[in-house]
Each structure stands twice: as structure tokens, then as C-alpha cells.
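Let me begin by presenting the structure, written as C-alpha cells, before commenting on it.
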Amino acid sequence: MLLVIDVGNSNIVLGIYDEERLVRDWRVSTDKSKTIDEYGILFHDLFRLADIVFTDVKDIIISSVVPTLTGVLEKLSRQYFKISPYVVGPGIKTGMPIHYDNPKEVGADRIVNAIAGFEKYRTALIIVDFGTATTFDYVNKKGEYCGGAIAPGLAISMEALFMKASKLPRVDIARPPSIIAKNTVNSMQAGIFFGYVGLVDGIVQRMKGEGKENPKVIATGGLASLIAPESVTIEEVDEFLTLEGLRIIYQRNK
């Protein structure tokens, strides 16, 4: 079995693959204060509930945008699984040309998404990933990564409103009953939610205009299923896109 690990700023997503089939997946909060042993215990408990033991895992691949945790999970892989993991970054074969001023600046998760998307759809793509930051990535018809845009994520936007406006409460991210809200909580939700839908559609439409390839628009990430139904540009939600990309990169490097 293959263990794929996607480390984001807010969540760590784990997946277990048996060949090309995703057997189990988990989403846990990212905690930079946790030690190797604490993560080892967490993984052990998750695996035990799924009737999986560490020795079932024959290889590991990691994508991380949190450098401090990259090292922790590399050491965990060696200590608990007796495996030297693949880590997405310099030296890893992706099979995708990256047209960026400095390719090393592109987040590993963005490249992983691009690879998975193009492998699945084989056409020009815009990939919208709703994470701590929301990223927009353009892949052309040749399967080349062309760049993209980064915006504050929904949670960051809502938290900023609470932190910077003294009288506004902290509220959950949700679709309100109406854009013309009747109370403060719904008013904040309306501004963030519908404003964010407009942000997504606006950026996607501008990318389409610049790219001139009529790209397919797919969304992934924790809040994709919340925003996608209101968007006029998102065509499909693929919640496991990043995990699938890690599996593909592993296959290209083993």
C-alpha cells in the first residue's frame, strides 16, 4: 500500500492507496507544535480504526507547504514505517513543464493538483483550490503549468473581519438565506460568501480571457463543495485531486 500525505497550513490530508484505488482517507488539523512521536501515535490510532498496520505501507510520498512539518514527517516515515519517503520538490520528476519565473516558488500542492487535473482531463484547465489561501492555477492544452493567482482563503477573510472590526462577532462560514440579510451574522456571511463567489468567478473569467483555450474549471479543497453550487464558472468538484496527484507523481518516480 502507498501512503500519500498532503500537508497544508490548516489541514493534513492522508490517503491510503492499494494500487490505483483510494482505500481510506483522513483529514486532521495541522499542528506545528506536535512532535514526531505525537504524529506517530495519531497515525497509529487512525490506521488501527481502519484495520491497517504500519507494515502494510510499502511507500510514502509527501507534499508539504509547511517546511517545519516536512522534516517531522520525513523522520516519522523513517522511524515508524522504516521507509525513506518521496517528497515533492526539487529532484522529483513531475512530467510537467513549469512556466514560472522561479519554479521553486510554486507551492508543491499547486503542482500536484495540476498534474492530477491534466492526467484526468487531458485538456486546458483552471484549478481552484480552496485552502488556507485559495489558489487558481492554469494548465494549457500541452500540459504545461502556466502560473496562476493566490487569494486569501474564506476562513482568513472571515477571521480578518472579526479581528479588525470591534463590534463584529466571529461567525461560521455558511451560505446565508439571502444576500439581503436581516441580522449581523447573516450580513457577514452574505458579504463573505457571495463576495467570495464573485471573486472566484471574476478571477476565473479573466484567466479564461487571457488563456484563450476555453479551459475546464475544476475545484478542490475543503470548502469547494460550499462555493461550487453558487459559482457560474466551476464545472466540477474533485475533493481527492491532490491525493490522486501524489499517487501519479509516486508512479513516475518509483
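Heads up, the Cβ atoms here are built off N, Cα and C, so glycines get one too.
Together with D6, V7, G8, N9, S10, N11, I12, V13, Swiss-Prot lists one candidate of T123, T132, T134 for binding ATP, that being T132. The Cβ of T132 (ATP binding site) has G8, N9, S10, G153, A155, I156 as same-chain neighbours under 8 Å, each 6 or more residues away in sequence. Here the candidates are the binding-site residues Y100, D129, T184, and by Cα distance the one nearest D109 (active site, proton acceptor) turns out to be D129.
For D129 (K(+) binding site), the same-chain residues that are 6 or more apart in sequence and have a Cβ closer than 8 Å to its Cβ are D109, R110, N113, T135, D137, A219, T220, G221, A224, L241, T242.
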